[in-house]
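Features reported for this protein in TrEMBL:
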DOMAIN    11-188  domain 'Josephin'
ACT_SITE  CYS24  active site
ACT_SITE  HIS125  active site
ACT_SITE  ASP140  active site
Amino acid sequence: MSQAPGAQPSPPSVYHERQRLELCAVHALNNVLQQQLFSQEAADEICKRLAPDSRLNPHRSLLGTGNYDVNVIMAALQGQGLAAVWWDRRRPLSQLALPRVLGLILNLPSPVSLGLLSLPLRRRHWVALRQVDGVYYNLDSKLRAPEVLGDEDGVRAFLAAALAQGLCEVLLVVTKEVEEKGSWLQTD
């Protein structure tokens, strides 16, 4: 499998793209799907389809450097026959049926800095979580390499910590069948 510029194969079986420009949504999609399926150009095309008559597209950065919104992620997944389901943060994470979830994409606050100076601004950052060969990984494109989260308890602990910080949104990446049946949710 060929790697995108900035992608890192470590550990060898885990695909991981590194951050470039404001393309974290593209990296999160590719990382959660474990292959390079999307590019900036593909995401820009989705933006045009979502807002064909807009002079200034509301789904991406005005500067053309990325910063894509959730609509682009959802449309990209739909184009692959998948769905994104919002996780209701009021539900206990024990109700999340992780074996039926392909991966997760989180939208987290991200600090803004100029060199060593931290600015009082917050941007948003897309992060992928995915199980590969029985192990869950944090595939954040800002990391040098995938971070091992471990088993289901490890990924639930990571999600609990992220949700506890507030302003975190979680999308479950599932098949259309799982979405339609609602089987991403454990009801016991």
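Glycine is treated like the rest: Cβ placed from N, Cα and C.
Cβ-based crowding with a 10 Å cutoff singles out CYS24 as the top-ranked of the active-site residues CYS24, HIS125, ASP140.
Cα spacing between CYS24 (active site) and HIS125 (active site): 6 Å, rounded to the nearest whole number. A Cα-Cα distance of 9 Å separates HIS125 (active site) from ASP140 (active site). Across the domain 'Josephin' (11-188), the prediction's mean pLDDT works out to 85.
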